[in-house]
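According to Swiss-Prot, the ATP binding site annotation covers 248, 249, 250, 251, 252, 253, 254, 255. What Swiss-Prot lists as compositional bias 'Low complexity' is 128-139. Feature annotation from Swiss-Prot assigns phosphoserine to 174. Taken from Swiss-Prot, the feature region 'Disordered' applies to 95-184.
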């Protein structure tokens, strides 16, 4: 980016504004604002980036003032009252003595005459305060014969509130608060929806909350966590992986692994599903994908977890594929290819890591499979893992001294992590069910807390296992293992 060109365009924009050539001035202002925006994306130093954003904000204010001048001049040509002279004297405040004659009392009440005076006066004070910069000094010649409640006044007041909001956002960021993403160019509702429904900071899921899966934890540490701790090492050919695909049966802990990665790295966590990135309006889905990755780069370091990615980016070229679905897939592939993480000259601490999970890896598009460089298998828990899962799920429940969790772990072979959680939940409710059996509503309400806190016994688990069967078949496991032999990259 040529900084001299930025300075030259800003200078020309101000000169044209001072000479009264407002159309050319607005063109130069738009160009320099876009140049600064692109330059800010390439700046890595937060202090320097903040200064550039402050310069861009000042130029935006000047640009808005030029637009206000053009709007005022156009209004003079269209609806200027012919009976009252236009005064060009520059005054910081409006004097009620020089206002046009009041309208008849039957048309407007006196309180309504004075209300615009209270609203317009702070705006003129704000315009006078920033008049020292660039062409803003020419923004003061305003007709005193204007009607106080025109649409132009409302637009000016709205712009003043928006500019004040932007300044408050920047001041908050300088005070150490979380900066807010500037969604210029996007629909405000789309930005707010992604902020509200997707962004999850500090998920608070740690490695200790996940039983077993040591190989998967080791690979995820190497792919995501270690580049944050050792940025100087992971450069060049050792750059971090662009993306990781987690493959396995349902309920094996893929989502929890992604949240643990975000917690251990201290990154912003984006939990994305197919419903998040789809819209009934043409072109909106592609915008959502692009907006998601721009927000991820803004809040970097970031972890984007795309759950059930086969529903978003299934194999292209099939007979039942729709044009809109193909466009979304293409945009997703382009954005993922642009999120290179830490390339040779990039900062690994600003990387965007893409994690994906699927239960149907054989339906994923080949181009997406290439971009997800690491493809790991999340299997069913082993005997040791099942025992750890039982301990984690039952750590808040009182257990009978005679119960042996290792024996129960042997009986639940083939159960997924979610199945084991359901077994523990059902077993912990058995004592309560026996206690309230045959009681009426009033008697149940009268029970004390101590009467319900009965220890979980081995018999409770036996009853729960009779009611809950495993959800993954041997044929499904064979399909996963066959796919990993052909396409796995652990």
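Placement of Cβ uses the backbone N, Cα and C atoms for every residue, glycine included.
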Which residues, same chain and not among 248, 249, 250, 251, 252, 253, 254, 255, have a CB within 8 angstroms of the centroid of the CB atoms at the recorded ATP site?
246, 357, 359, 378, 416, 417, 418
Using a Cβ cut-off under 8 Å and a sequence separation of 6 or more, which residues in the same chain sit near residue 252 (ATP binding site)?
213, 378, 379, 380, 381, 416, 417, 418
For residue 250 (ATP binding site), which residues in the same chain are close in space, meaning a Cβ under 8 Å from its Cβ, but six or more apart along the sequence?
359, 416, 418, 471, 472
